[in-house]
Amino acid sequence: MTTDFSKNAVERPEPSRAEVKGNVPTWLQGTLLRNGPGIFSVGETSYDHWFDGMAIMHSFAFKDGEVTHRSRFLRGDTYKANMAANRIVVSEMGTMAYPDPSKNFIVKAITFLNHTVPDFTDNGASNFIKYGNDYFATSETNYIRKIDPVTLETQDKVDYLKYLPVNLASSHPHYDKDGNAYNFGTSIAEKGKTKYTLFKVPAASEKDKGKNALALKNVEVVCTVPCRSMLTPSYYHSFGMTENYFIFIEQPLKLDILRMATAYMRGVNWASCLKFCPEENTLIHLIDRKTGKEVETKYYTGAMIVYHHVNAFEDDGHVIFDVIAYKDNSLYDMFYLSKLKENPGFHDEAYSKPSYRRFALPIHSDKGIAVGEDLVKLKYTTACAVKEKEGKLKCQAEVLCEGFELPRINYDFNGKRQRFVYGNCVEESALSKQISKFDTETKEMVYWSEDNCWPSEPVFIPRPNGESEDDGVVLASVINSNPGQSCFILVLDGKTFKEVARAYVNTELHKDMHGFFIPQ
């Protein structure tokens, strides 16, 4: 059995009770939101890339052992414009939208101008972000869309550019214990400089409670990192955070701004303006949270592509951070819908599987240490950082495992040393049929899978007052392509990784991107 990833979803906005098999723990009270592409064709037109599809949001509400599901399309400006025209009129990263051939010259000229200085989409189909008391559907453009986390209704459109100069922003912020959010954005050619901006969105203050105040209004810039080349900033999807530091990876996967400006005219999509430069190094920026300045040491490693950071922590004068890394950028190409149709099982020769890599950055000064010496003094990792010349360290990672993606941890351990990671097994293909729990200490992996089932990114929910790091449950939505069977939300025991319950929903679920759990 295969599943058709280009089929348009159907929304189910009314809450509907799922049929529970097994026992959902009664302490599990809250809502899991999932987000991903859901509409791939409008009228006679279709998107070329799976990531471009218009967003559908799903919610699974857990209360007293019962589960309620609903789903809704994100009704942003992109959705409204496409639906009104009955064709795709808003361009996405992998799909360039051209005006209806019957339209007049004026419309074509306006469309052309809009693409020279691209006004990006507000189709937030990648993740959810919490700023203050509000939840937003997000992709990586300057637009995010506020949503009602209960009904999934689409609310205000928010433009980052009104509050700080970022044209692009990551869809994986970090949150501290006080509810402050931290995120990275790219400022393109702002006052003649291209830079990466780290910003903090403060938690909702007492005086704003109950008011309809946007937390982004109080945004603070923590620091900026100059881009190594003005017209080709690096692409990034996430970053790392410890108690005292932020880790930002400037990788040789770059957006060529000039080529993006001419892409429409040249009849190519914006994704073709992303270029991987394997001959270049990857720079690792370590930023001190207290001072907002980069540490003096320059860290770098060989060319790699990272979408997801796993976690980072500090130990004995080192910052250790874990990432999922690729050796090239073939992953994006695998999600063109023509590719997915060709290869529904997705065994592609071009697939380069990711590796789970651990880096160790010595923070102390390298003065008095000979060139060629490894500064990493930790016993439990083979990661090294070799001194080159004064203030420059070449880092080599330890590979903990292969073929693992969409990593999630117990977020209570974010920025601290954690042991367990939950994720999707992508050993043979970027489309996962298995989820797993990985023990970073023993390197053991335990799995969950079922025939003809495609599980989403697994999300760990800690049990209140849990006794250990893995005391909790893991939730994953599962596409079930077995005939006559429904899709379901899966509940696994965080420790044993054995199934404790599943809740069958009376609708189709779809391959999605990321999720966010809101505890009740």
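Count begins at 1; order follows the chain as displayed.
Placed from the backbone N, Cα and C atoms, the Cβ positions cover glycine too.
In TrEMBL, annotation is done automatically, which means it is predicted and not curated.
Annotated features in TrEMBL:
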type    : residues                       : note
BINDING : His172, His237, His308, His514 : Fe cation binding site
Chain-mates of His172, His237, His308, His514 with C-beta within 8 Å of site centroid, Fe cation: Ser126, Asn127, Ser170, Ser171, Ser238, Tyr307, His309
Residues satisfying Cβ distance under 8 Å from His514 (Fe cation binding site), sequence separation of at least 6: Arg34, Asn35, Gly36, Ser126, Asn127, Phe128, Ser171, His172, Leu406, Glu457
Those residues of the chain, 6+ apart, with a Cβ under 8 Å from that of His237 (Fe cation binding site): Glu140, Ser170, Ser171, His172, Val306, Tyr307, His308
